[in-house]
Amino acid sequence: MDSSYSVISKNSNVELQKQTTKLLPPSDEESFVNDTRSLVGYQEADDLDFDISNYPLVNGKSSQGGSGIHGAVFNLTTSIIGAGIMALPATMKVLGLVLGFVLILLMAILSEISVELLIRFSVLYKSRSYGEVVQFAMGRTARVLSEICIIVNNGGVLVVYLIIMGDVMSGSLHHIGVLDQWLGNGFWDHRKVLILIVMVVFLAPLCALNKIDSLSVTSAASVALAVVFVVVCFAVAAIKLVQGTIDTPRMSPDFSSKEAILDLLVVIPIMSNAYVCHFNVQPIYNELEGRSPHKMNKVGRITTAICVVVYASTAISGYLLFGLATEADILTNFDQDLGIRFSSAVNYVVRIGYILHLVLVFPVIHFSLRETVNTLLFEGSPPLSESKKRSLGLTLILLALIYIGSTMIPNIWTAFKFTGATSAVSLGFTFPALIALRLGKQSNTLSFLEKSVSWLMLILAVVVSIVGTVGNIYSIRSKSD
């Protein structure tokens with residue numbers, strides 16, 4: 001019988017295509033899944049039903065318009081370096097230079113470990129947000145609690161931003177504002193009016209954007225402005241150090257009085273607040289081009305290194321400049337003669353430059369706040385990017401509430417010491433440690449060292465939270481007495 005089929009030659013295109021397919025290396029995400037399967041067993045990995053293509057957070061393929069490593073680093077750095085940097089010189093005044101620097105370094109290391117654990121289990125369990133991975137580990141109630149913590153933390157941070165803008169532009173109780181120095185007293189330097197104008201003209205348009213990747217350019221500019229602030233502070237401190245006009249700094253904490261001990265209890269939670277960015281890790285990872293856990297870990301490590309340099313430089317130089325007169329918001333110290341040439345110009349550059357930095361940071365923090373509120377109130381609804389009316393409505397309501405909060409809270413120290421002891425330490429250390437311990441036990445992917453570090457983070461978080469809360473209560477009582 002004659003056949004209509006012909007023999008395929010060995011040098012045909014089909015043969016070549018088959019060989020080429022065999023030679024293609026696996027993608028980073030496939031490598032991650034394969035490594036997981038080798039650790040937990042093939043059957044357990046199959047039980048996870050890891051269909052990468054259906055989940056944007058864990059889809060390893062590049063998405064159109066995704067951000068590269070540099071854009072992700074800028075966004076994550078912006079999430080970290082905000083108003084917290086203004087309070088670090090005051091914490092150095094309480095802790096002393098040695099303990100202060102050690103805590104800056106220790107908090108950075110622990111925060112980076114917690115971020116990497118968070119990313120690992122978010123990818124492994126196909127979680128697209130901070131709340132989802134919390135729910136996989138501890139259930140629905142824990143997820144709601146974590147989302148409330150994000151709302152409290154981010155709302156508090158944004159209130160602090162507005163307080164700082166008001167302090168710098170219109171002045172505070174003991175310091176003169178920029179507009180006072182330029183134009184004198186008048187209706188134009190009214191604190192509430194100024195903050196409202198900044199919010200409507202500058203902040204609202206940026207906050208209305210629906211994608212965090214759209215803020216990469218503003219994030220880069222904000223990081224550049226933060227670096228300018230650090231360089232100026234460091235240069236002025238170095239000049240005064242050479243001139244011999246800087247007082248001898250405190251090297252260790254002061255335990256000589258009850259007030260000093262209370263300050264020490266309050267300041268540790270503020271330090272733990274310095275690196276909290278975990279609520280923005282998943283949105284940034286989701287828009288990372290060619291995303292993989294390895295690539296996001298690289299982003300996290302670069303960001304942490306930048307933040308350590310910026311924080312240590314600012315805290316040390318700021319404390320050296322103003323000593324025991326260092327304010328909770330160090331920007332307010334820059335209304336006086338620094339004892340160098342062009343002191344007035346330097347003061348203006350520092351204050352105005354950092355106000356611009358906060359204006360550019362504000363929408364990045366607001367993005368995760370809005371997403372969390374949307375998830376909590378409108379669970380199961382389409383994403384905000386597909387509902388412009390809901391997105392705009394939430395933006396307007398949140399901005400209004402943040403503005404009201406900024407008119408009621410007296411200073412940034414009050415806001416930081418409460419969020420640091422509660423929501424910030426929970427988001428940065430308590431939840432990530434519990435996620436790693438619970439999900440690591442289920443998947444058997446946590447090494448002994450990682451398990452030990454997770455327990456250390458959990459214990460430290462609980463201690464810091466208790467100590468900070470007790471310190472805050474005693475501090476309030478002592479002031480009322």
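Each Cβ is built from the backbone N, Cα and C atoms, and glycine gets one as well.
Just so you know, TrEMBL annotations never went through curation; they're auto-generated.
Straight from TrEMBL, the features:
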type     : residues : note
DOMAIN   : 68-472   : domain 'Amino acid transporter transmembrane'
TRANSMEM : 69-88    : transmembrane segment
TRANSMEM : 94-119   : transmembrane segment
TRANSMEM : 144-164  : transmembrane segment
TRANSMEM : 193-209  : transmembrane segment
TRANSMEM : 221-241  : transmembrane segment
TRANSMEM : 261-281  : transmembrane segment
TRANSMEM : 302-325  : transmembrane segment
TRANSMEM : 345-369  : transmembrane segment
TRANSMEM : 390-409  : transmembrane segment
TRANSMEM : 421-440  : transmembrane segment
TRANSMEM : 452-474  : transmembrane segment
- Item | Residue numbers, six or more beyond the limits of the transmembrane segment (94-119), whose CB comes under 8 Å of its CB atoms | 88, 130, 133, 249-254, 260, 263-264, 267-268, 271-272, 274-278, 281, 285, 293, 296-297, 300-301, 304, 307-308, 311-312, 315-316, 319, 428-429, 432-433, 435-436, 450, 453-454, 456-457, 460
- Query: If we call contact 3 or more Cβ pairs under 8 Å (sequence gap 6 or more), are the transmembrane segment (69-88) and the transmembrane segment (193-209) touching?
  - Reply: no
- Query: When you check the transmembrane segment (390-409) against the transmembrane segment (261-281), do you get at least 3 Cβ pairs under 8 Å, counting only pairs 6 or more apart in sequence?
  - Reply: no
- Check the transmembrane segment (221-241) against each of 193-209, 302-325, 345-369 and return whichever range has the most CB pairs under 8 Å. 302-325
- Top partner of the transmembrane segment (193-209) among 144-164, 302-325, 345-369 - counted as Cβ pairs under 8 Å: 345-369
